[in-house]
Structure formats: C-alpha cells, structure tokens
Amino acid sequence: MLRWSINRFCAGEEKRVGTRTVFVGHRPVSETDAYVEQKFCDNRIVSSKYTVWNFLPKNLFEQFRRIANFYFLIIFLVQVIVDTPTSPITSGLPLFFVIIVTAIKQGYEDWLRHRADKEVNKSSVFIVENAKQVKKHSEKIKVGDIVEVKADETFPCDLIFLASSNDDGICYVTTASLDGESNFKTHYAVRDTTGLRTDDDIDSLTATIECEQPQPDLYKFVGRINIYRRNQEPVARSLGPENLLLKGSTLKNTKKIYGVAVYTGMETKMALNYQGKSQKRSAVEKSINAFLIVYLCILVSKATVCTTLKYIWQSNPFNDEPWYNQKTIKERDMFKILRMFTDFLSFMVLFNFIIPVSMYVTVEMQKFLGSFFIAWDKEMYDEEIKEGALVNTSDLNEELGQVEYVFTDKTGTLTENSMKFIECCIDGHKYKDGISEVDGFSHTDGPLKYYGKAEKCREELFLRALCLCHTVQIQEGDNVDGLRVNQECRTYIASSPDEIALVKGAKKYGFTFLGHEADYMKVQNQKNEIEKYQLLHVLNFDPVRRRMSVIVKTSTGKFLLFCKGADSSMFPRVQQDEIQQTKVHVERNAMDGYRTLCVAFKELTQEDYKKINDQLSEAKMALQDREEKMARIFDDIETDMHLIGATAVEDRLQEHAAETIEALQTAGMKVWVLTGDKMETAKSTCYASRLFQTNTELLELTTKTMGDSDRKEDRLHELLLEYHKKLLPDFPKNSGKLKRSWTVSQEYGLIIDGSTLSLILNPSQDSSSSNYKSIFLQICLKCTAVLCCRMAPLQKAQIVRMVKNTKGNPITLSIGDGANDVSMILEAHVGIGIKGKEGRQAARNSDYAVPKFMHLRKLLLAHGHLYYVRIAHLVQYFFYKNLCFILPQFLYQFFCGFSQQPLYDAAYLTMYNICFTSLPILAYSLLEQHINIETLTSDPRLYMKISDNAMLQWKPFLYWTFLGAFEGLVFFFGVYFLFQNSSLEDNGKVFGNWTFGTIVFTVLVFTVTLKLALDTRFWTWMNHFVIWGSLAFYVFFSFFWGGIIWPFLKQQRMYFVFAHMVTSVSTWLAIVLLIFISLFPEILLVVFKNAKRKNHQVRNERIYHNTSLVWKRRFRSSKHLTNFEVAMHHLHLGRGCLPLIVSFLHVPKKVKKC
C-alpha cells in the first residue's frame, strides 16, 4: 500500500502492463528526431511510513482500529459527555499512556527508516554525461542515465550491464542484501557493447532498450536492446536476468562497469520486494478475543443488574429523593428512559476496568523483547557461517509451542547440501574411485575399482559432457609478482553445489574444466591437451523440466547437444533400448541414498542447428510470454537423445538431524518430508533420519504401485480404500487428538509422489469417485510419518494447506532452505528458513531463520514451550487481577444504594494497571522458566503437556475466573466485617468510606502481586526488584498522594487517609489475614503439587531399586536367560531399544549368563 501511494506522486507513473522504452544516455535514435524527456519515477527510496504532517492522524487512525483501543475511547468520551461517577482521567490516562507509548515506538522506528533512506538517497554516484563523469546524489539518477560503478560499490538502481573493465564483458556480483546469497554471480554484457570501456566510447553509444514494466521477481527479466550505427541496419539483442544488475547488489572482482538505468527508486526490484507478507495470527490472539467477549458480557451484565436494581430501589419515594438530596428541576423533567440509559452508561464506565486495555501493550512488549532471547541464544549460533537465529516475526513466538505438524524439505534441510561425487556408470558399467591410465581413466584416488569397462570413446564423451553441461564459473587466484598462481587456486562458482561436485568428479578422472574464454569453454583432457568448444546456447535448468542442456560446437565443426537431468525427465527422451542398463545403477544408487543424474547427448546437423538457432533467437527477442515460448522450444530440442550414463552424488545427513526428528516425534509432532527428489533417495534419507523406523509398515501411492494402465484413477481408488480399511481399525476413535506413541501396535508410513498427488487433488471430471481427497487425508492423519517425493513447489503448499484446513485447524510448521520452499513456508502457520547453501530466499520469507535443522529442537521444545507458558499465564493473570479489582466495586453498589459511588480513589483506578501491577507480570513473562531449558530439551514429552492450547482452554480460564471472584469476595466482605465496628482505634475515631476502599485496594495489590510471586519458579534479581519494588512503590505513592494537599483537586478526600489507616493495629492484622485467606487455596495447591511430585520421585526410585535387585538375583542364580529377559534387562539399564531388537534377531533360544 505504501509503494502504491508513493508512486501516485511520481510524475508520469505508467501502468504496470506492457513494456517501456528507454533511450540510453537520453539520446534520440536519429539526429533529426527531437528528444522528448520521458516521465519515470525518480531514484528516491522511501521506506518510511509517516511524514511530519501525516504522522499524528495516520498513527491515531491505525491505533484506534484496534477494538480495545476504540472501546476505551468510547468509554472516555462517555465520561466526558455524561455525568459519570469517575473522572475521565481514570480511563483516559491509561488509554493515552498506551497510545503515546505505541506512537513513540512507531515514530522512532519510522525515524530510523527516514535516516536510512536519507543515507541511501544522498550517497554519491558517477553519471557519464557528454563523455565526462558527473558526480550526483543517488536520488538524482533518471531512467536512461549511464552510470559508472566501481569495485565493492553497490548498484544505486537497476542497471542493464553495458561494459566492464574485463575484455570479455563479464562482471561478478553478490546479492547478499537481496536474497542472502554470498557466492559470486556472473553477469554478461551484450557482445556488441563489451568494447565500450571508456567514457568517450560509452558516450558514443546510440541505443534503445525495450523491456517489461517493473515487477518484483528478482530472477526474471525480459527485454531487448536495439543498437543503432551510422549507415547500418540496427542490431537487436535479447536481454535477460544475466544482463540486469539489481539495486542492492555489490560489484566484486571487477574494477568498474558501465550500465544504463532502467528501473529507479520505488520501481526497482528491491523496492518492490518491500511488500509485507500476509499477517499470521496466533492461537493466543484468538483466545484473547474469546475471553474479551466473555468479560464484555460480564461487564454488560453487571451494568444491567445494577441499573435494574437501582430503579427497583428507587421505586420507594424515600429512597428516590431523600430529604438531604433533593433532585433538581432538570433531573425531574428528564425522561425516565433517558435517565435509565444514562445510568447504564455510568455503570459501564464504573466497571469498565474489567477489560484490560494495558494487556495489549504488555503482550506487544513481551513479544518484542522476548524475541531477542532467540537471537541471543548461543547454542543456536553456527560457527561455520558465523550467524545465529533470526526472528523476522515476533508475533508468533508462542505459536512455536503449539506445533502439531512439521513439514520439512530434504536437500539442504535434513541434509548438508554439500555434494561429493561418489561414482558414475557409463553404458551400464560402474566406475568408482579411479581407473588406471591404460584402462582409460587416470588413477588418482585409491585402489583400482571398476566393474567391466565401456568403450574409451564413450568414457571420454561422458566426461566431456560433465565438463561442458553446467553453468560453473571459475574465480582465478591472485597474481603474485605478475605471475598467475597455479591451478589449485582456482575456485569453482555455481548456483548449485551439484554442478561443482560433477565438475570435480570429472577432474578426478582426468578431464578438467578450465573456464571460459570469450564464447569458448576450455577443457583439459587426460593427455593434458587443451580442447576448446564454442558455447552456442545454454538451455537453463528449471524445476518443471528438471534438466539442463548446452549446445556446443567442436573444433572439427560438429554440433553437439549435452543434457543432464533427473531420470524421470530423461528416460522418456532417450532411446528406449539404452535405458535398462543404466536404470539398474540409478535405482541402486537411489536406494543407497545418493542423488542421481542421467547424462545424454545428441549430434546435430548444420540444418538442425540453424533451425534451432533461429527458433531460440526469435523466442529470446520476444517481450511477451518469452519463458513459455522458450520452454516449448527446449521441449522440442531435448528429444531423441542417446543415454551415456549416470552420476551418483552424496548429500550427507546434517549433524543431529535424526535425533531432532526423533525428539519432535516424541513430543507428539508428526513430521512430513516434502521433497523433489526420487522416491528411493528420499526413502533412504527417511530411514537414516529415523523418520521411518524398522518396524514401520510403508504404504505407497506412487507411479510404480499405480501401474501403467489407462485406468489409473480406478487403481488409485482401490488402493485408497485398501489402506483406509487397514488403518482405521488399528487406531481407536477418541475425542482427543492422536499423538505419536510407542504403545501403538503398528506404525504406518505413507509414501506418495507428485503425479499421484495430482490425481488426488485434481481428479478428472468423469471420475467415478470425488472423495479421493477426504480418504487420502484420513490415511495421512493416521500415519506416523509421511514422505511426499517428486513434489513441485506449488504441491508442497497444497499439502500444507490441506492439513492446515482439517478439522481442529492443527498448527503447522514448514521448514526449508531454498526458493522452492518459499510457498510452503508462507502457507504454514509458522515458517522456518534454513540459512543454507541454496540462497536465502527461504530465510527472507520465513518467520524465523536458523542455521541448521538441529536448532529446530531447541526452538520448539525450549523456546516455544516457555513462550507459550509465559504468554498464557500473562493473559490469564490480566483477566484475573482485573476481576479481583472490579468485583468489590460491583459489590459496593449493593451497600450504597446503587448510587454509582466509586469504591477506589481516581488515582488508584488510574495507576492500578499502569504502575502497581504491570512490571511484575512483564518480568515474569520474559524470564520465567517453570522447567529449566535443559530438561525441556532433553525430555520432549513435556511439550505434549501444553499442546492443543492447553493453558488457554475454557477449563483453566474458568479456574482463573473463579479464583478472581473468590478473592474479590474475600477482599470486600473481609473488610466489610472488619468495619462492623467502624471505630478501629482506641480513641473512638471513625473511619470513612475512602479508608474502606483503601484497605480493600491495599489487600488487592498485595494479593495479586504475591500470587505472581507464588507462581514464579525461576527467580532472578529482576523478579525480586519488580515484585518487591512494585509493592514498595504502592506504599510510597499512597503516603505521597495522601500526604500533600494538591491544589488542582477540588476535593482532598484522600488527604492523610493512608497514613492514618496504617496506624491502626487491627487494620494491619486484617490486611495480613485477608491476604493469607485469599492466597490459602493457592498455597495448598502448591504444597499438594510438591508433595505429589516428591512421592512420585520416591516411588520411581523404589521401583528402580527393587527391579535392579530382581535382575541381579536372576543373573546370579540363573545360568540361562531368554532373549527377551536379556533384552529387557538392557532396556531397564537405559541402553535403548537396540539390544532389544538384537536379542530377538539372535538365533539361539537361550544365552549363557553374562
């Protein structure tokens, strides 16, 4: 919304459809044409929300959109307009305090944004004008300006790359500030402009750029440049993402570049990506709203009861108009209905403090300050990347303690995404480690290991394919005294670690990729000869095709197409008689958990290449639907290929990934793996990560189980019904939600692939069954673990949405590390990004980001558990203490003729929630650890105790409500019975109604504060300071407020009341006694819980001791024990389930005494 409002003020703002034409250097195409300056948005960045003029109205409007703030504004206005029993200050001051604190916080944050914007907008840049460099502020850049950027500088706007200091027109950039990727990315200038490396040369360029209107996708750009030369036909070249230098990126390893500005200011891709993600609401917020409705009903009920009873009381004329309080003429002439409505509003004002307005600001402060504890956690800091956890959204802290389903990616999330070349097969022959030179491959690693041998020409063709079919770049080592350092200093740079692993694998076997030289790729073969291949076209990888190709021209003039990709996308496109010999190796490698790729080639004739080149050139020049046209051409080119072989690359499991999954399952969470990998590879990873146990029965809904028949939907229906029938009897129907438990007779796991999922989610119209989805969902929910393989990014989001919208709306969490995981991260209730090697798109779009998957354990089991307990206690405590506060005020009306006489002084009404009781609960909600963090992390079962929003259900809410009502009754009637003799001193001096209210208020403040002290399990100096400090402040304030005659007060009704009150011994005794009676149920509950906990510990120790004695006697007296007895003894000693399994698998029926 901010961006659109800003762009409305940009002169000539175009609609974001069609294309735009940019004149390079603001020069017309022809000397005879007059140049008309175009109207585009300037280069100012505006990320701030407010200005000096609109801050007050805009901020107030936003704050009063909140229901609680608007409610208290109405109450305040009623107090101002209607003659109410309390001063408008009592509700106005707390409301204004909340509004002012929030406004200061938001204003300060916006001031920081203003300062950052000014720093960016006023930075210096160099623009080439009339063959000279002109220094300007960044905000002065216009679309069409030619900008010079030097090494390590940041691009001030989105530029089309024209030329660089390098002869080959290449530059390297990092996009860490955009997507978090710290690796170098290579960008290319159009070959017609690479020679323009000076100010004079670049100023002589006459060209226009036609490109799409601004859009936020960082990885898409469509355009073309038309270059005009004297007496020559204009030359048109296509422009893509590789030619666009994005604002926020940094130039690296290149002295300087020239570029022309195409998108500026708020139209740059970086600015367009400022748009906020959809707001996610936590379950706690929904509970707060439900509780507010209940308390609002209580408030209305109280006001209605008091209004009704007032008029019943006043039905007696003496009570309506006593002799000492005659009505005025205005009061007598007022309509009775109007008087009743006014009285109702007055009672609403009198009791309105039952609604805790300060709770909202306390909750916001708790969430904001509490999020720092995640970022400060040293155990979640990764030494390798020198980064810790990151909190992008503090609104969902407590949601981390309520997760029921975890959806995780595999590659880079469960695994390291650190690829190592393991083996390959060529024409069905397996090659592992090195093969001797006489056998074809140079012997570099380990002993001789090969299994048969392909023809030498096929071996070399395969290795050349690995060296050529990729997008790897080489970062050379530094020069030393003018000499180039040896080849070992070369560093491979690629967007995917798979490609680097394959290039290194080829190098291990004697073929080394040496990099690019102009349009040529250089390869060193086994004989140390340099081979050059002209790179004609790159058919880039995309997740839909799942393959990539290159077209190269050899030194002999041959045209070759090399292609690599997933087996599912390659096998249908190669000769069918070549598949079987390679397929065996691919499936075996997948079973071993390796990532596999198939490699194929095709030789093109001159005519074939000419046709392909014309098609690609035409598609690249298209400004509309370029990607769709390119995809169709790629599909036509990559057919009738010849399969050469396949590769196997290992992606090791992340450290402690298996233990983390096991802990999450023990905590009652169901873990689903959603991956694009092969089923066999993903299944092997699931076993290694303990998602599937050895006793888990796997149910498959895959292409293999569906068969090749035309009636796939009928077969799918049969399988769904079969699995449904098998699962449902094994799981009893209970009212509660099913949690993972080792007591279940049989565990089931489900495996489904993307094509089968499409049949389930999108059945054909003529399908006989339309309930696939509901049956499938029931099966999934009954399984302990689910593996979804061959998933497209959109399908991942569909799976998450399907589970999220089931009955009960379970809390879902998605975790991933790549751009393909963003959709499911945004879809889930809580999104976690891994700061991995596939870029930082996932981390940027997530609610929380962690360095490794293992950090999820502490994030959920410790931080999530504590945050939920803290904020749940905070919410319940606020409603409880406000009920304690207002109930005596309600009861007091029965004893004052429903005259709306306040029980408490206005200062106490105002300060109760702001000063006297606010800091202790805030400190509690930030620091409390009812169970220490080590215990929470080591015992995941504790997580289940707070599942299903357990602490904010109606049962605990009613407990807190009845506790508040009980204590409110004790406060009022305890002091009431004390005042049966209103003379509390020996001298017979009578205490008044303000003393009565002050005693009630004193008991109230001490009781609710000490209640919090009783609930505190983790004491720090800050807890002591705020709890005892708040009580001391109340006493000090009471003395101070009643010890001075305040000139601005009309009535000095509290003068010396508190000081006089504390001189009475009976008052002291009453206060202490009433505090004790109020807290007595809580004290009994604490004592009972501690006794029960100690008895439980003693009983467990006694059982353990007796069991140990039994086992010792048996081992001493018995010569033989059964396998089961030995295994149970191991289990008893805490050695885990492994000896149990081994004992059952052991062949002999008896084993000798250990």
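Cβ atoms here come from the backbone N, Cα and C positions, even for glycine.
Listed features, source TrEMBL:
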- Asp409: active site, 4-aspartylphosphate intermediate (ACT_SITE)
- Asp409, Thr411, Asp817, Asp821: Mg(2+) binding site (BINDING)
- Asp409, Lys410, Thr411, Glu499, Phe541, Lys564, Arg595, Thr675, Gly676, Asp677, Arg790, Lys796, Asn820, Asp821: ATP binding site (BINDING)
- 122-268: domain 'P-type ATPase A' (DOMAIN)
- 64-82: transmembrane segment (TRANSMEM)
- 88-108: transmembrane segment (TRANSMEM)
- 344-363: transmembrane segment (TRANSMEM)
- 907-927: transmembrane segment (TRANSMEM)
- 957-979: transmembrane segment (TRANSMEM)
- 991-1013: transmembrane segment (TRANSMEM)
- 1025-1048: transmembrane segment (TRANSMEM)
- 1068-1088: transmembrane segment (TRANSMEM)
For the transmembrane segment (64-82), find every same-chain residue at least 6 residues outside the stretch whose CB is under 8 Å from a CB in it, and list them.
88, 90-92, 94-95, 98-99, 292, 342, 345-346, 348-349, 352, 355, 357, 360
Tell me which of the recorded positions Asp409, Phe541, Arg790 ends up closest to Asp821 (Mg(2+) binding site) in space, Cα to Cα.
Asp409
Just to be sure I understand the packing, how many Cβ atoms besides its own are within 10 Å of the Cβ of Thr411 (Mg(2+) binding site)?
27
Which one of these stretches, 88-108, 344-363, 991-1013, 1068-1088, has the most C-beta pairs shorter than 8 Å to the transmembrane segment (907-927)?
991-1013
Which one is it: of the binding-site residues Phe541, Arg595, Asp817, Asn820, Asp821, which Cβ has the fewest other Cβ atoms within 10 Å in this structure?
Phe541
Touch test for the transmembrane segment (344-363) and the transmembrane segment (88-108), at least 3 Cβ pairs under 8 Å:
yes
Which of the binding-site residues Phe541, Arg595, Gly676 has its Cα closest in space to the Cα of Asp817 (Mg(2+) binding site)?
Gly676
Where else in the chain does the transmembrane segment (1068-1088) make close Cβ contacts, counting only residues six or more beyond its ends and a cut-off under 8 Å?
963, 966-967, 970-971, 974-975, 978, 999, 1002-1003, 1006-1007, 1010-1011, 1014, 1062
By Cβ distance under 8 Å, which residues at least 6 away from the ends of the transmembrane segment (1025-1048) in the same chain are close to it?
905, 907, 911, 915-917, 919-920, 922-923, 998, 1002, 1005-1006, 1009, 1012-1013, 1016, 1054-1059
Which bits of the chain, at least 6 residues beyond where the transmembrane segment (957-979) starts or stops, bring a Cβ under 8 A of a Cβ in it?
291, 294, 876-877, 879-888, 891-892, 895, 991, 996, 999-1000, 1003-1004, 1007-1008, 1066-1067, 1070, 1073-1074, 1077-1078, 1081-1082
Which binding-site residues are spatial neighbours of Thr411 (Mg(2+) binding site) here, meaning Cα within 10 Å, out of Phe541, Arg790, Asn820?
none
Could you give the residue numbers and ranges of same-chain residues that sit at least 6 residues beyond the transmembrane segment (88-108) on either side and whose C-beta is under 8 angstroms from one of its C-beta atoms?
49-50, 55, 59-60, 63, 69, 72-73, 75-76, 79-80, 349, 352-353, 357-358, 360-361, 364, 906, 909-910, 913-914
Taking Asp409, Gly676 as the recorded positions to compare, which has the smallest set of other Cβ atoms within 10 Å?
Gly676
Using DSSP, break the domain 'P-type ATPase A' (122-268) down into helix, strand and coil residues and give each count.
18 helix, 68 strand, 61 coil
